[in-house]
Each structure stands twice: as structure tokens, then as C-alpha cells.
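Okay, so here's the structure we're looking at.
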Ligand SMILES: O=c1[nH]cnc2c1ncn2[C@H]1C[C@H](O)[C@@H](CO)O1
Ligand SMILES: [Zn+2]
């Protein structure tokens, strides 16, 4: 099987966890930011979350270095362009990238400047390569809530022009959903689609709440529905897309190893699973790697692969025109 040449769809990838190590060095030098090393291998090693991570919190510490060079419009635009370029080169045909606008204000950029920069970088790559994309705005669950509506307002003019959805990310505590009901309702009113990180580190009840309280159409990870029949049934009944990210789930100890990942069981039971990267640099992966690992571990056929690809098309927050284009790659 030539995994590189398969057409792919990645619906769950964080911009700040997917920065080329050389770009960190270049931008740090351009912006006179001191970084721990000028050696690309050392920078790469600092960004990759180790297998010995104890949990999601330790994994999330790897984002400080990339975020330090993502505080200017030019830096953000470049990183967005390069991520779409890297994905296009491995035959990702449709790519939804997420990021937290609140994390890019250290030098005073406005939310409009930040969101405009990621969209500009994506559009530049779309014009050069056979790839289509959209952005998802992530709110950090552990941050103060006073500017969440400002993020939603700033993204609204970009809706369906590069931005499509709203997400909650960061550390996952049991019962987090109720605090975010009014903010998510505001985003829905403005026209955002909803995906929520839930059931990654937290309990299955978070997935149930994300769907019932926050109207999530997709869930980031969702693997802990295995221990919660109500959440499992709701995902199944409402056809909620599960954005699985296998390598990341091993690093954050959501599962002990790939063979224990429930994605194959979910797939066989008819749940809408998708395969995604989460963080290309922090998880030291690509879509090609994720697809290869999953297909090999679970002995998936080419037909199984295209079934999952079709689920990704169905679950994508893309226009009907883009979905039709994506279906043209199915063999
Ligand atoms: O797997 C994840 N779960 C929860 N939050 C995450 C994950 N990967 C990245 N993030 C956080 C850290 C980033 O700074 C933020 C926005 O991309 O989203
Ligand atoms: Zn994620």
C-alpha cells in the first residue's frame, strides 16, 4: 500500500503544535527572541512530547516554544502557509486547522489581525497546491472567559471565507461543559459549527454534555465514551463525528498503546470515526503516518480506508462544492 499517495482528510490539527522546527529558529532570529538552541534537532526534540508524558497537561507544555514566535502577523501567516504546504505534499486534500486566538496576543495583535493572518496563509497555500481548508477557532478552557465573545465576533466576518467552527481545547476537567453554554450558544447564533475536545482525558460524561449541552456536531477524541453507555449511544444516534488522533492519544496516556485504541471497535459498530494528526510536531507525526499506523495495526483494507475517508467528507465543515470535489478522489 502506498500510504503517501492515498487522498487524505485531516479534521483535527492544531496550528501551534504543527510548526516546522526550522521556522521556529528563523522566526526567533528575525524577531530577536532567545531560544534554547540554534540546532534544528535540539529544537525538534524540545517540541516533541515524550512517550513518558504523564498526562495531557505535560503534553500541553510543548506549545510554549512555538507560541513564542507566533506573535506577529508575518510569523503566523508563514506558519499557516507552511502547514498547508506540508499537508498538500502528503496528499491531504482537505484540512481543518484549529488554533487559539487568545494565545497570540503577547505583542498586542488584535483578534482580527490574528485570524486574518492564519486565513491569509491558508489561502496562499490553496492557490499553490491541490488542497482546500478551513480554520476552527479554539478557546482555551483554562483561560479567563472575559474575551471569548470578542474572539467569536472577530471571527464572524471570516465565516465561510476561511473560518467555519468553534472549539474548546486545553486541559479537560470533569463537568467543564456547563460553564461554556452561553458562549457556545453565542457562537452558534453567529453561524459557527461546533466541535469540542471531550472524552480525551476526561470522563465519557463530558462527551454526553458536549453533545447535549453544547450541541457539538463533532467531538475531539471522544475515546472515553467506551466507559459511558449514555455517551456512546448519543454519539451513535446523532451520528457525531469522532475526531480520533491515535499518536496523540498514546502520548497523553488516553490509551496505553495503539492496539488498545477503540477506533476499530467504533468503526465496526458504525460510529463515524475519522483519523487525524492533532499536532504534527508535538506528536511527531503526519497524516501518512497516522493512516499507516492505523491500517497496519487494525488490518484495515483499502475499502475500509475509503469508508473512513467518506465519513471524513460527511463530517467536514466544508461547503457542498468542496465535498463533491473530495468525493472525486474516492476509488
Ligand atoms: O489534544 C489536545 N487536547 C486539548 N488541547 C490541546 C490538544 N492539543 C493542543 N491543545 C491545545 C494547546 C494549544 O495551544 C491549543 C490551541 O491550538 O490547543
Ligand atoms: Zn486537539
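Using N, Cα and C of the backbone, Cβ positions are placed for all residues, glycine too.
Here TrEMBL flags 200 as active site, proton donor. Long-range C-beta contacts of residue 200 (active site, proton donor), restricted to its own chain and to partners at least six residues apart, with a cutoff below 8 Å, comprise 56, 172, 220, 221, 222, 223, 224, 249, 252, 254. In this structure, residue 200 (active site, proton donor) belongs to neither helix nor strand by DSSP; it is coil.
The Zn(2+) binding site feature in TrEMBL is assigned to 12, 14, 197, 278. Proximity of residue 14 (Zn(2+) binding site) to non-local residues of its own chain (separation of 6 or more, Cβ distance below 8 Å) is seen for 97, 98, 99, 138, 169, 278, 279, 282, given in sequence order.
Residue environment of residue 16 (substrate binding site) contains 24 other Cβ atoms, counted within 10 Å of its Cβ in all protein chains. The substrate binding site annotation in TrEMBL covers 14, 16, 170.
The annotation domain 'Adenosine deaminase' is assigned in TrEMBL to 7-331. In this model, the domain 'Adenosine deaminase' (7-331) carries an average pLDDT of 97.
DSSP assigns residue 221 (site 'Important for catalytic activity') to a strand in the three-state reduction. There are 27 other Cβ atoms within 10 Å of the Cβ belonging to residue 221 (site 'Important for catalytic activity'). Taken from TrEMBL, the feature site 'Important for catalytic activity' covers 221.
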Close-lying binding-site residues around ligand 1 among 12, 197, 278, where CB distance stays under 6 Å: 197, 278
